[in-house]
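Working notes, structure below.
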Amino acid sequence: MGNGKVYATVVLIRLIYAGMHILTKASFNEGTSTTVFVFYRHAVAAIFLLPFAFIEIRKKPAPPLNFKLSAKIFAHAFYGMAGTINLYCIGLKYASATSSSAIFNIVPVVAFILAVMFRMETLKLRSVHGLAKASGILLCVGGVIVLALYEGPELKSMNHHQLLQHHASAAAAHVHSKKEWALGIFLMTTSVVIWSFWTVKQGPLLLEYPSKLLNTTLQCVFASIQSFVIALVLERDFSRWKLAGAVSLASVLFTGIVVAAISYYLQIWVIEKKGPVFLSMSMPLSLVFTMAIASFLLGEDVSLGSIIGSVLLVAGLYNVLWGKSREEKQAANGRDGAGGDGDGDVERNAAAVQPADGETTEEEEEKKDRRDVDAAAKV
């Protein structure tokens, strides 16, 4: 029953991320500005989290927060949330929801590469697991290249009456040039790389400021301020600050509350139950859900290049995860073997200090001599 709950939660998480890709793309098709959308998304997340942060502070005092640490959290919010989400949204505007979901599969791979660069992980190319991880990295790079540069024949959507797309923007969604498509893939890949770096650096940050809830809330507040400034600079026409329609409003609320807050808690719960590898291995489900739902709701046509690129990305993800899992098993077996040898050494040392069969110690020889002397005296 417990496993059933975990599997159901994983499916829910992947459906949430599929909904994020689809609703965000639909809001851009509706005409919403990307920078304004990002500001509203972070503002909604901050407003949603602030009451919970106040409750947390009332239960126990918040960790001390000085200027240096505040500046560090501000910097993490800028490159990891405000900056990377803006890049991702601009890229998504030029590409498709399916390609966006496919690129998200490289998050664990990029995080692993960064961990190797920071010497938090190892890559031993002379071992089987090292070769598996290296081949996974190459497959992911190949998948991104195929997504960006190869289109191929299109598999037409079975649904010609898409539900989340206005007629005025329906044609515009399918006329992006190859340069715009490649730019979209490049921007989304860049955003995923930056976001992966942000996830790697969250560990050291949490050591300095250990409250996960307050840390997340502060970053959302800072990101909303930063996103406001970015939108103010890039979107001078204030008529564009109005959400284009109901789909855009639903997308802002969904990404701000469900994705930024609820899915975060669900992911932590799954990691505690099954570990991070189990959660990462479920990532291709988002791609499957996005591909199916986007075809129905957005009328997206899936090209052969998108399918090949997605397959390469998923294969690369599983190669890296398999290599990592095999490496951890070998390390665990090595520790067990070392422990066994240690026990053997203890037994051998214990045996060395005890007399062997047929032999006696000096004390026993002296006792035997005294008994012989006593016996002789009695006689």
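Don't overthink the numbers, they just go from 1 along the chain as shown.
Backbone N, Cα and C atoms are what each Cβ position is placed from, and that goes for glycine too.
Lifted from TrEMBL, the feature list:
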type	residues	note
TRANSMEM	7-24	transmembrane segment
DOMAIN	8-147	domain 'EamA'
TRANSMEM	36-55	transmembrane segment
TRANSMEM	76-95	transmembrane segment
TRANSMEM	101-118	transmembrane segment
TRANSMEM	130-150	transmembrane segment
TRANSMEM	181-200	transmembrane segment
DOMAIN	183-320	domain 'EamA'
TRANSMEM	246-266	transmembrane segment
TRANSMEM	278-298	transmembrane segment
TRANSMEM	304-322	transmembrane segment
REGION	329-379	region 'Disordered'
COMPBIAS	367-379	compositional bias 'Basic and acidic residues'
Intrachain neighbours beyond the transmembrane segment (101-118), with Cβ under 8 angstroms and 6 or more residues off its ends: 17-18, 21, 133, 136-137, 140, 143-144, 147, 185, 188-189, 192-193, 195-197, 199-200, 280, 283-284, 286-287, 289-291, 306, 309-310, 313-314, 316-317, 320-321, 324
Seg_contact(the transmembrane segment (76-95), the transmembrane segment (181-200)) with at least 3 CB pairs under 8 angstroms, min sep 6: yes
Range from 130-150, 246-266, 278-298, 304-322 with most C-beta pairs under 8 A to the transmembrane segment (7-24): 278-298
Secondary structure composition of the domain 'EamA' (8-147) [DSSP: H/G/I, E/B, coil]: 118 helix, 0 strand, 22 coil
DSSP-derived helix, strand and coil totals, residue by residue, for the domain 'EamA' (183-320): 119 helix, 2 strand, 17 coil
Average pLDDT across the domain 'EamA' (183-320), rounded to a whole number: 87
